[in-house]
Amino acid sequence: MQHIIEGFLSFQKEVFPQRKELFRSLASSQNPKALFISCSDSRLVPELVTQQDPGQLFVIRNAGNIVPPFGPEPGGVSATIEYAVVVLGVTDIVICGHSNCGAMKAIADNANLDPMPAVSHWLRYSDAAKAVVENKTWDNPTDKVNAMVQENVFAQLSNIKTHPSVAVGLRNDTIRLHGWVYDIESGDIRALDKNSKTFVSLSDNPGVYFE
């Protein structure tokens with residue numbers, strides 16, 4: 001814990017004074033243009049990977065970058081999506097998975113999740129991705145996990161389209177959806193291409209989006 005406190009003290013002493021005007025402008029309002037939904041994994045930091053300043057990304061993070069379908073009893077993810085779209089007026093929504101995702105590995109490996117009933121229940125929102133992956137034969141466990149990560153991004157993009165605010169935004173062409181997979185080792189991002197429905201290098205295709 002001490003290193004976290006020391007980090008704050010360094011921020012307060014060295015970083016904040018240099019960015020004082022930025023934080024002053026953010027003190028009473030925010031105007032992010034993108035909602036970024038990613039995994040809670042400590043190795044993926046959305047603001048670092050995208051080099052965005054405070055105030056530029058509205059972020060949701062959870063195990064497996066999961067978006068439950070809209071339902072009669074919406075939870076925190078649903079409420080946050082609705083707020084981002086209706087109140088903040090975000091124009092882009094990114095769902096970002098990552099390599100070596102523990103949640104997707106647990107699904108791919110059919111891990112025993114009995115000691116973690118909450119996790120087990122949560123990962124059921126990835127059942128569509130699991131069904132696609134389990135329908136194929138895999139010689140390499142790593143390939144299976146990578147496929148699970150990608151199919152899960154597909155699945156969560158389908159789920160988010162069930163949310164009324166997102167559906168309206170897509171209909172009115174005021175929102176674009178993006179599906180990304182971040183590779184921790186290389187720092188590369190592969191993004192879902194609208195036309196081919198495959199993942200392509202974002203570096204080589206910076207204008208690519210899913211819908």
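For all residues, glycine too, the Cβ spot is worked out from N, Cα and C.
What you are looking at is a predicted structure, and each value in this text was computed from that prediction instead of being measured.
Residues or ranges marked as Zn(2+) binding site by TrEMBL: CYS39, ASP41, HIS98, CYS101.
Summary of the Zn(2+) site environment: with the site residues CYS39, ASP41, HIS98, CYS101 set aside, the chain residues having Cβ atoms within 8 Å of the Cβ mean position are SER38, SER40, ARG43, LEU44, GLY64, ASN65, GLY97, SER99, ASN100, GLY102, ALA103, MET104, VAL149, TYR182. Counting every protein chain shown, the number of other Cβ atoms lying within 10 Å of the Cβ of CYS101 (Zn(2+) binding site) is 26. A 10 Å cutoff on Cβ-Cβ distances gives HIS98 (Zn(2+) binding site) a total of 21 other Cβ atoms nearby, all chains included. For the binding-site residues given as CYS39, ASP41, the lowest number of other CB atoms within 10 Å of the residue's CB is seen at ASP41.
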